[in-house]
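Some features that TrEMBL has for this protein:
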DOMAIN    28-494  domain 'Peptidase S8/S53'
ACT_SITE  ASP37  active site, charge relay system
ACT_SITE  HIS260  active site, charge relay system
ACT_SITE  SER446  active site, charge relay system
DOMAIN    533-652  domain 'Tripeptidyl-peptidase II first Ig-like'
DOMAIN    671-772  domain 'Tripeptidyl-peptidase II galactose-binding'
DOMAIN    822-1001  domain 'Tripeptidyl peptidase II second Ig-like'
Amino acid sequence: MQFPAHSQIPKADTQAAKFVRKHPTYDGRGTVVAVIDSGVCPGAQGLQLTSNGKRKLLDFIDCTGSGDVVMSDPQKCNSGTLELPAVSGRMLRLNPTWKNPSGEWRVGARHLYDIVLPKVKRAVMTERKDRFHKAAQQLEDTVGLQLANAKRNKLDTFVLGDDSAAVAELEAQANVLGSLSSSYVDPGPMLDCVVFHDGTQWRAAIDTEETGDLSAAPALGAYKCTGDVALLCKRQLLYYTLNFYDNGHVLSIVTCADSHGTHVASILAANHPDEPQNNGVAPGAQLISLMVSDNRVSLHETGMALTRAVAAIIEHGVDLANLSIAEPCATHNIGQWVQMVRNEAVRRHRCIFVAAAGNGGPALSTVDAPGGTADEFISVGAYVGYEELKVHHGMYDIVPSNIFTNSARGPTFDGARGVDIYAPASAIASMPAYTQKRLCLGTGTSMSSPSLCGCVALLVSAWKQEFGKDFNAPRISPYRIRNAIFSTAKKLGDGLGAGLVQTGTAWQFLKRHNKRKYEDVEYKTKVFELGWARGIYLRNLEDSACARQFLIKVDPVFPENMHARLEYDPDGNHGQQRSQIQFDFEQRVLLVATVPWVRVPEILHLNSMGGLFNTHVDAMNLEPGRLHTAAIEGYDLSNVDRGPIFTIPITITKPLEVGASACVHLGNLSFQPTEIVRRFIAVPNEATRAHIILRSANNVAQTIAPAKFQLHCVQLLPQKRANTYEISKQMSIGHPSYATGGNSAEQQYDYFMDVVGGVTLEVCIAKFWDQSGNHEIDVTVDFHGIMPTGAQYAQAQDDQLNAGIVVNGNYSVVRTDFSANLRLEYDIKPEVTLNTLRIALHPQSAAIELLASERDIHPVYGVAIRKLVLDYKLETNRDNVFIRPRLPALDSKLYESWADSFALAIYNANKQRVAVDISYTRRTALSKRGDYLIRVQVRHHNTQDLEALRSMPLLIDMQLANNISLPTYYTLASTFTNSVEGSSLFIKEIAPGLRLPLYFKTDIPGIPTEASSGDILYGSLSLNSLTADLALEYVVPAKATSNYNTCNTASSTASDNSLTPAQDDYMEIEKAIRKLRIDWIKRVKGNRARELLVAELLSSANNSDSKIEDQTAILSAQLDTLDSARKTQLPWNEGANMSSEQAKQALKVADHIVSLTQDQALAAYLYKNANSEEEKRLKQQSETAKEQLIIALTTKCRALAFLTTLAAGLATSSEASAESVDVVPGKECEEWISAYEKAVGSLKWWTNEKQQVDNAWFLMATVPLLIAKKEYGQALQSVLKWMSKVPLLTSNTSERKAMAELRDVLVGKLRWTIWAEYFRMMKLVESPASYDSVF
């Protein structure tokens, strides 16, 4: 027996294989198909050539911009060389064979991990980590051996001094190396790029090996011109191509973001000359890869990418576009991108869009956007036929061909069909080279869509060869194709009428009706009473409670004539022809209702402005709880045999009413293979949660295997996604012990779902499409609910923005009443949990920019797209904070969005991007406390629309470090005391008709310090286990002041009572003047002038009552001028502005301050527990003196560090570097080191451990001593400890930069080259020169 390889990509059920056998040249040749997906791998099998020898892939385009490299301005090579300095810091050696007539080069760099997909990233990271740790371990082993030798007193004394010091130093080095290895984070490869023009086209070379040596490297051109392909990651087989934009200023490195797009392309059009059994549906078609899945945002498509994809489709004259991507959406058939596709790509340029309906089934109305929701797309559902069952899924017991269980179902929210047609749902097709799998099985509507698109490509290919040979002949219209495949589809039992595509039959339909006058006209229907809905969809109880009448309008839509556009029709002839066609249009339509409970008029007259008719729908006698479908079909009276020219779907889900028991028993449901049972229930208004109980009893012996089932329950709310109120669960029915008989194997599954009262609930139970045998399930649905009375309530959900219960913290107690009008509710245990802080940020800046890139011209309006940039500031005071930004006007809207796109990027104080969201915001972890910039960018073609968003607030949901409980009581008295009789009332149940008052005490501990008055603490109220948790907001109250009755309290700083008011005022004036003159010490220019001012102030201070305090203040001000960069610069840095003269003067001033403050500073320890006002005043003076003393000692240490360095022959940072900052032994050095050691000892005595660890100024004052003593490991240990703890603040940027420099100095002195290179690369990643742009 041979493997049925011809069935790997199913083509029999769709008649595609038979069609190509009958018409070998109608195999897709002559058609161009865009694959809008995650990108296509050029190294995949079968995607090199078409069946007639043409290049299979015409272009690879990264529409996301994730692979963009912004290049530098043109520059020349170093004189007499072919070398260029690269962005990474390497020197690039160029290939002498490259032709570059201008001699100008552009350089840029891109982090590899920003480009490659997660699987490749993980593989590269693993290899790099292993390689790095091997080298790092060798270094650790070397230091470990030295440490062991030192402990055995065998250390080379030339390297280090005495043994004890040597052991301490080596122990520190070993600890540092161990700590560095354990905290290693791969910086990733930094790819240097060089771009040049060879006189004909742009070319680029990429340093994929990170060596800087491009002397033998090829320079690739744009793939569409050259067909150049290369490996970006050789070991992982990741291929790439290139594109160039904006005159070489942007280099686009194009890879694939996932295997999905390659698999889709292979199903659609793969051509395997040596293995034709592996061919795709249309092996003659050519493809364009349009990557819209962005690996920066978990492979989601983005609005910007989709807009660029439409522009590329128009530019390349694409015949068909396949989208095997889909997203749930809240509003169907609207959105700027849907409108762009409808008006520009489909109607004007006649591109046929085929899209997956989604895999969100089997419940109704689960179709995804854009395919299942927008009427310009051919929406494809998933079909499983005999070929797939046998070959792909290895079934031993074949079940009937059927619709894939998870395939999304219609209708749309506004009543359109939703799923237009079905195609095979699985295929074994080519995979990208990086997966190391040549062929692989894929399933779902993602596979159905390219299967259908391939069938359509066959039809378009046939049409072009039979009817489109005239160069001026217009393309076949998308509506003609749609009519053909819809009218000829094989019926599958889909309730809304969609069937399986039949390629050969559709071709006969096209040929038979080729001459029909209005075959290219599209008909749009609007049901006025339902908000211009495309169909009639009656879902809720009140919708079908009585007979309904609807006014329906049918509008003909004529295909666009490109030549009729003003810019192409100067004489108006084409416009006149178009108007004449519309003037002549007249159709007499026969209207037919497919069921007797729908009545329509018999005849409808249509002109170019459409026609109106009334329809009567009476669902009163339909069986409750079931799905009922019908349609109104319109036939052209002149050609009734053609079939309907338009169909208006009617869907009624007449729900079961729930009785007084609040329980619905759906009965014992029987399931045959592939069967789906739907029941619809009118959820009571008072319900908040449904309890679905599934039981299966073992009443008789079973001989069949257990089967897999899916429970899918959905409620639909206006402008909410179908998955907002949804549960989808899988279970196995049929206990293994069934085969023995008896009653011991009963199964029960209990599922809970939050529900909304008054909205129909669909309970859908499906036996999976591949399960055999007969099974029975007993289904019961119980409803429960407790709600606040007289107020809107909301259930607690992750994406909830509004809460029905609001507790204002400015009130001491807040009361809310609750009722359970549905049934008696037991086990009442009120509990409020607050877990989220919600704050509102307002933009710090707002600017609208014009996007100058050639890729950002709007396809419809032909103008440059605008970009609004909003910057917000956020500060966190703890590590590992989880936040979720929210922009209600834009968030979680893609296909239905009114704007082109929006992006949100979060940057830390180093300008490193730590998170990015595009179209959807997500929960993000901010690992380091500090300052963050949140930049929101909104793209749109209309400046006026963007202006309205300039002041748009940004909501931040911040997870609390610890949940907060809000105290809840049953009586007002119990919120304050338990001593009042009845205050300890405890209520366990709520009966219908009664109210339960709850009191929330608002004075709660644990409000986070980030919270300001008016911010929201968000959480939920749980009342019992059977009802839904209710959303609750706590408004943060105004902060209480700590001073009370200040008007009656004497000032602690009152002046001496013995002085007259005039004398008191005079003294205050004198103090103010003295303070002003002291402040001027820092402002005076010129050392001589400053010295004179200091001398004069010191002289006057001798006569002051506060002599010591004044002198100390004067000297401290002078000291600040001598060492103004104390907190931000290393003492030997040029930025420290220190000289030998200044250093020596600083020593004198510091010693003077120490002598003045030492005694008073000691008193700070005496007044540790000050009680009286006088003691508190003395304590404050002592603390001030201690601070001045510490500053003086710090500056003294820094001055001695500088003088020590100076004695070694180094004076400024221009001479000091990682290789040269050192101390040469000598008498003068030794003297300075001795003094330096004493100063450091004093500083350590006066500072506590926290100050020594947390403050950069302490380390910059003391670490140079360790350098002087060659104790580099101990110095590095202190520096790294500080760097690991310091928050990333804008205010401490200089300190962090100085400490990073000190770290590099120490690593250089230790000659740890592997770690020196590591820190250099990490700096490129963690501290970029500027904020990168997402758009």
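Just so you know, the numbers here start at 1 and follow the chain as drawn.
Positions of Cβ are set from backbone N, Cα and C atoms, glycine also.
Across the structure, ASP37 (active site, charge relay system) and SER446 (active site, charge relay system) place their CA atoms 10 angstrom apart. If you measure from the Cα atom of HIS260 (active site, charge relay system) to that of SER446 (active site, charge relay system), you get 8 Å. Of the listed active-site residues, namely ASP37, HIS260, SER446, the sparsest CB environment within 10 A is found at HIS260. Each residue in the domain 'Tripeptidyl-peptidase II first Ig-like' (533-652) gets a DSSP state, and the totals come to 25 helix, 54 strand, 41 coil.
Helix first, then strand, then coil: DSSP counts for the domain 'Tripeptidyl-peptidase II galactose-binding' (671-772) stand at 5 helix, 50 strand, 47 coil.
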